[in-house]
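Peer 1: Could you have a look at this structure, given as structure tokens, before my questions?
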């Protein structure tokens, strides 16, 4: 028995993600016959991904249908699921913004400017869904998951589930300790990019003492000798372990990147100390170009494959499921094939101490009844006060600024960036950021309040 | 009809405060026959204030009794009211702390170290009251009112009401605009030292347009020509008006001093720009010595008076009531002589959006039934998110650090001081602060957590 559905992928030009999705669909019999609608504004990438998808499915003999379109409304029509992976702020534009802030004395960004363009885009997609496919689930698979999912669930009636890879970091902890990842059980709730290893068991026994022993006996050697395998390979870095000391629980995945802990991020030298060689973590002037180059190489490689009809895609990409959660979640919801995932959904009491209408990252049981978050024990009060609630406040300010278009709230955020040294500097960098090409809409939306002058 | 009660004044050596209290008691017939118990560890000051009090009351022919003691328990015995004005951290010690932080590159303090010694003292007084005079009201008249009153109401069962002078700033706004202070009505709720003029009426009409006109037409001249009458004369300063622009409501009293808005406080030059000549507000290296010198001069003057039996105290100090709220509040509670005051009490819904067990500053009706806070409309969301809730979080962190003795929470606070530039700087200044003479108990109480090393 299988259920044919329609999945709309917004921002489908993200080639690696889209092909992974197709793989998982091909390998999920319960979704045979489904239609995947690739939507993107980049027509060349869109054509490439559709070609690859068709060929991959054909090689595996899978019963899937595909369409491609640059028309979002068309793609959303009759959709049962919408996967939004799109980013409207390009790597190029992000670099241009960092160049502007550098002129004002900020190291590698360093300014709290907010995600307003991306929030506007996410809300537009959600509003389209409300109109066109109001019963569809939105699986938000691009950042800012926390702010965006909270905004969309507050402002629209659609069902939103945000996903992120960060929680897989727990397996990296296990492997570094020499533990079989299959034999650990764990829980790491919190907010997206701000999750904390509350439970860490190996063969049913608390594994934190094993971590403590690793820190005591092996960490210094590890930090001296480890060469990061990817720019994001910081789970066992000196910075992550220091955060464990500061906050009392191990920070997982993207959590060690938290710019809130600005003291790990003041220069490339400092970042290398805390996050290791050769890049100092993913957020440096040498890591980011390497990362973007890697993405571009993969796209070039996939374009080449798409244009080589003789290449075997199954040989190239394998026929194992990815570790992505999108398809198992869809399968769970559609076919009652129960699945436990780490999701971002409105709290409604799952994470004590956080308001109901804030999106939290928690484990959830997914079946035909829906996505049921597991109520987790409270996080330690120290982590709530130092890491969780300050981030909730930042999010609330960002959403209020977004909604009201109050420019003084942007200024307030810049003033509160840890690298800001004077009022004049904050005013100047904000002016220059808003005057950048591509920020015309932002500059119109954000006005000084009436009391300003 | 009058009701004789016992009032214990902790820290009674604060000469000006104690004599003002006696004046108000003398001028409140309903409290005739009452006993004032002056308690202090400074015996010379204690003797001086008791002498002055007896003579002042005698000159006015008032029926009041006095006692003095260095024994806190004795003073609290049978007390109906306890007024705590004591500060265990002297001006001298505060200066020594600033000298330590200056060595690490901080301007005028600039380090978030917390009020732990003062909190410990306040809690000790409250615990004594619980044991000795559990039905007495504590009228907390020394800082930190916000953190201390929240702590005492959470940790003990005693009735706590905190008072502050800040809200009188609204009359300074009125007078600067040329308005008769008798004809304004106003409301300025919030947290202590963080209150906002939500209602400002002149003869029943909104007076904010009058403020806006003053800003448009007269403020620049005022800022160019105004010479502060006291170090605290900043209510109409450029900084206060700028805060009105930033946040949308006029900040009242001590609110413009908020170190949270660090950008007004980066150097003496910057402070003079925002808070005026000659001192740049009360929190500068030139204002503080002047202020302390003023206190010392007044004490010297009062000591001289105490030793000159021929001097007329009524001639010297007058026989008008002060504008202090302590005695009218006591009269309201004891004699049902209804009074409206600006008080700091546990919220219980008075200020929407703040937890019930956080002490807020709101207007209250005081009569024989108790202190009834007036439920005020919500503050603008922007002020909640940028000024009120961040302060609640700071308070919660300070109280958790105080309670747990977790040194890493002190470090976290120092790291988050806007003037801190590096991790090493924060570690070093914290080490030096905890190693200061007088900080032995703090250094013992605050330990690194087990995960630290």
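Each residue, glycine too, has its Cβ placed from N, Cα and C.
Just so you know, TrEMBL annotations never went through curation; they're auto-generated.
On a predicted model such as this, the values are computed, not experimentally measured, just so you know.
For reference, TrEMBL lists these features for the protein:
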BINDING   A:143  substrate binding site
BINDING   A:164, A:193  Mn(2+) binding site
DOMAIN    A:190-420  domain 'Glycosyl hydrolase family 4 C-terminal'
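Would you situate these features in the structure and describe their surroundings?
Peer 2: Taken residue by residue with DSSP, residue A:143 (substrate binding site) is part of neither helix nor strand, so it is coil.
Residues near residue A:164 (Mn(2+) binding site) in space but far in sequence (CB under 8 A, at least 6 apart, same chain), listed by position: A:145, A:192, A:193, A:253, A:254, A:342, A:344, A:361.
Averaged across the domain 'Glycosyl hydrolase family 4 C-terminal' (A:190-420), pLDDT in this predicted model comes to 97.
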Peer 1: If you count CB neighbours within 10 Å, which one among the binding-site residues A:143, A:193 has the smallest count?
Peer 2: A:143
Peer 1: State the three-class DSSP label for residue A:193 (Mn(2+) binding site), counting H, G and I as helix, E and B as strand, and everything else as coil.
Peer 2: coil
Peer 1: Provide the three-state secondary structure of residue A:164 (Mn(2+) binding site) computed with DSSP.
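Peer 2: It is coil.
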